[in-house]
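Taken from TrEMBL, the feature domain 'Amino acid transporter transmembrane' covers 80-461. TrEMBL lists 82-101, 107-130, 158-177, 197-219, 226-250, 270-288, 300-324, 344-366, 387-406, 412-431, 443-469 with the feature transmembrane segment.
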Amino acid sequence: MSNNTWKKVVASLSRLGLYDVPHANQVASESVHGTCLAAEWKGCSVCLEENRLCKCGGGGGGGGVGVVDHEGGHHLKSDSSFAHSVINMVGMLIGLGQLSTPYALETGGWCTSFILIALGATCAYTAHLLGRCLDRSSKSSKTYQDIGDQAFGPKGRLIASTFIYLEIFLALVGYTISLSDNLSVVFSGARLTSPHWLRLSTPQLLTLMAVVVALPSLWLRDLSSISFLSFGGILMSMLIFATVCFTAVFGGVKADKYIPAVRLRNVPGISGLYIFSYTGHIVFPNIYTAMKDPSKFTKVSITSFTLVTALYTALAFIGAKLFGPTVNSQITLSMPRHLVTTKIALWATVLTPMTKYALEFAPFAIQLEHSLPHSMSARARTVIRGTIGSLFLLVILCLALTVPYFGDVLSLTGSLISVSICLVFPCAFYLKICWAEVSRPAVALNAVIIGVGIVFTVVGTVSSAAALVRSVQRGHSI
């Protein structure tokens, strides 16, 4: 399908309200482990189809309220329905973390499913808190960083931005490790020889080739030309879940493996895996801002986290019961190799990272372009953006090939970064911004969440870092 044909199809879907296209000069917010969920910038249908900046004032079609972007760019159309917002939030939350929930449950014991459920409920509550912060200043605050700035000034913005970019970076490392692991299974019979100076194994060469294929997407300045990748990411995630369920029902594998009640020594590490699965708060302000009726944001959060928590819990028990102690940190690597559904799951897991690189890099790229001189030509900006993006991806590739331990990396990311973004920061922002109207029970509840989050961060980071070091040592001793 040609690029022009694709744009016409997307424009038609957008007019029907079935798909949203990131506009060319949109300030994007990407999810860190699954979905491009940018703020829903909409122009009129003609501008969308012609892929140019909309200057039509009210936009075409739809009766949403126009809001001017704080960067002075496009008008934001706040016309997402309740169902549309739920689909966006669910699609954003389901991502890389779902691969590891069966491993986390089997490693920690079935009692840790209560931790998974409790974290889902708590993250829904902290999403509600972000909505409350936006209620107080919806005109000046449109992003997670804006809320940090509103609460604690420039330092709050800096800390929020630092954690967001760290999480994106580490999530991309996790995606690349997943890409490498699953590629080596898909092409298990392949034998490739690298130049002597490279000294790369066949799986490493395959990963390098896949990353090189994805590199050109980092040179694109027009985000609308890659907007379909976000939908592809959602589709791949749902496909993986469906194939695991199919294996349980029709795959000839008995779901009769024993799951221990609890393994206390493993709880800190697997808690990081659980919290990583719920990371998505950095784009919730965009969902709030895009809603036709923001007063329903809390209901959207509760509905979305209920659905996602149910999916994660079901997947965790299915995978753990199917494969028991042999379950891999990526469920796709444990599925029977001879099944067609396994091949579908493996390819879906391979394609998912390749749909993420450009989308996840977008926040870095946009921030970079804003820092460049306005007098610089578009071609020079593209060259700088593409060059830095390519170097950035090669650094991620080198790190992923050096530390190819998927479960440990995700656990460390969850404990070190995600706990703060999902639990600690929203509570701190809320208490600072809305202090005058917060009741004593609410203060106590938020203080408890902050305290528990800090404990999770310290204990989980130490545990997951130690596990990662042990994995690296074992790898070097082989």
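For all residues, glycine too, the Cβ spot is worked out from N, Cα and C.
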- Query: What same-chain residues lie close to the transmembrane segment (158-177): Cβ under 8 Å, and 6 or more beyond its ends?
  - Reply: 30, 32-33, 96, 144-145, 147-149, 152, 207, 211, 279, 282, 352-353, 356-357, 360-361, 363-364, 393, 396-397, 399-400, 403-406, 409-410, 412-413, 417-418, 420-421, 425
- Item | Surrounding residues of the transmembrane segment (270-288) on its own chain - C-beta under 8 Å, 6+ positions past either end | 29-33, 37-40, 80, 85, 88-89, 92-93, 96-98, 100-101, 103-105, 107-108, 112, 115-116, 119-120, 123, 126-127, 130-131, 134, 141-144, 146-147, 164, 167, 171, 294, 297, 300-301, 305, 308, 312, 407, 410-416, 418-419, 421-423, 425-426, 456, 460-461, 463-464
- Task: Could you tell me what the rest of the chain brings near the transmembrane segment (107-130), counting residues at least six beyond its ends with Cβ under 8 Å?
- Result: 101, 144, 147, 259-263, 266-267, 269-271, 274-275, 277-278, 281, 284-285, 288, 297-298, 301-302, 304-306, 308-309, 312-313, 316-317, 320, 422-423, 426-427, 429-430, 446, 449
- Can we call the transmembrane segment (197-219) and the transmembrane segment (387-406) in contact, meaning three or more C-beta pairs below 8 angstroms at a sequence separation of 6+? yes
- May I ask which of the stretches 82-101, 300-324, 344-366, 412-431 has the most CB pairs under 8 A with the transmembrane segment (387-406)? 344-366
